[in-house]
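Enquirer: Here it is, the structure, as structure tokens.
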Amino acid sequence: MITPKYSAYEKEKKVGEGTYAVVYQGWAIPNTALDKRKVAIKKIKIGQFKDGLDMSAIREVKLLKELHHVNIVELIDVFAHKTNLNLVLEFLDADLEMIIKNKNVVFSAGDIKSWMLMMLRGLFHCHRNFILHRDLKPNNLLLSSTGQLKIADFGLAREFGDPTRAMTSQAVTRWYRAPDLLLGAKQYGTAVDMWSVGCIFAELMLRTPYFAAETDIGQLQTIFRALGTPTEEDWPGLKSLPDYHEFAMHPKTALSVLFTAASNDTLDLLQRMIIYDPLKRITSEQALDHVYFRNLPRPTDPSRLPKDTNGQTQQNTAADELIKAEESTASKRKLDVQQGDGSNTSKLHDMTLK
């Protein structure tokens, strides 16, 4: 095994810094296998912290080493240097949140279908390899200069398979967190990712987050006002969830009332993603086979998708998302340890890419 050297990469400039990590834009030095490729170097300050951040970072490396797909961010290299863990990632220009928020960018139903198709393809690759992402949201969906969407930030991801295994319910950013997690579910599977996908689907159409609240209780109330308060009939086992209590009853409202321009197949797919009962929620494989992707309009070719043209602001924001992701992962890692959601990981020196 040839261990990659720190000198194989040249840092061009710092593009983001936080408590736990620094992100640099840089290059692979010529005469290496990468031959002057632009890269993002994420330097994680492991040596200064004892709160489990290193385990999350190592887990992210471990999973990215196993996942190779055009719609998942590529981990090019990883190496330890002094007290830091350095992740060398493909350089990506923007993320989906930037596109959604930029009101100067206009996109079509075909554009939305293209982004959804790429997200689901990447997610299906995760799920068929028994990996839950557990933090899907627009700023973790990075966009390349050729328009490819790539799922990033696997710091909260977990391998799954044992239905009895307890995991923390404090996963996923609140606005994209499934109601089963908000009600304290400890055993769960791919349905939690699919709820997040549904929230992102809705956000692409609305150009604003579908469910947004400042507290977990507020988040549930926001969901119930939008979709109707669930009952045991809708969701068998609802009342046995750890944090269940009685909520004000809100009537069900048809999705077509809010999504007035959406086609019937669009509404059907969205409804299947945000159904309350996780056992009835559509899977990534089923979603890819949904009639929505076969009907017109066709998905826009990635190279023709709208781009955010904010230049340097765009690059800095993408780097900031890497930083925020690391800090969010670090805080949530504490809950993993407290609630028994640890998993076996390799030691730091085993994380060097082969």
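Note: Cβ is positioned from N, Cα and C throughout, glycine not excepted.
Sharing the feature lines straight out of TrEMBL:
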type: ACT_SITE; residues: Asp135; note: active site, proton acceptor
type: BINDING; residues: Val15, Gly16, Glu17, Gly18, Thr19, Tyr20, Ala21, Val22, Val23, Lys42, Lys43; note: ATP binding site
type: COMPBIAS; residues: 309-318; note: compositional bias 'Polar residues'
type: COMPBIAS; residues: 321-336; note: compositional bias 'Basic and acidic residues'
type: DOMAIN; residues: 9-293; note: domain 'Protein kinase'
type: REGION; residues: 295-354; note: region 'Disordered'
Enquirer: For the residue listed as 'active site, proton acceptor', what is the tally of other C-beta atoms lying within 10 angstroms of its C-beta?
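Expert: The answer is 24 other Cβ atoms.
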Enquirer: Can you give me the Cα-Cα distance between Val15 (ATP binding site) and Asp135 (active site, proton acceptor) in Å, rounded to a whole number?
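Expert: The separation of the Cα atoms works out to 23 Å.
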Enquirer: State the Cα to Cα distance, in Å, between Glu17 (ATP binding site) and the residue listed as 'active site, proton acceptor', rounded to an integer.
Expert: 21
Enquirer: Looking only at the domain 'Protein kinase' (9-293), what is the model's average confidence as pLDDT?
Expert: 93
Enquirer: Ten-angstrom check, please: count other Cβ atoms within 10 Å of the Cβ of Glu17 (ATP binding site), all chains counted.
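Expert: Other Cβ atoms within 10 Å of Glu17 (ATP binding site): 15.
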Enquirer: How far is it from the residue listed as 'active site, proton acceptor' to Lys43 (ATP binding site), counting Cα to Cα, in Å?
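Expert: Approximately 21 Å lies between the Cα of the residue listed as 'active site, proton acceptor' and that of Lys43 (ATP binding site).
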Enquirer: Across all the protein chains here, work out how many other Cβ atoms are within 10 Å of the Cβ of Ala21 (ATP binding site).
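Expert: I count 26 other Cβ atoms within 10 Å of it.
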Enquirer: I need the most crowded of these binding-site residues: Val15, Val23. Count other C-beta atoms within 10 angstroms of each C-beta and give me the top one.
Expert: Val23
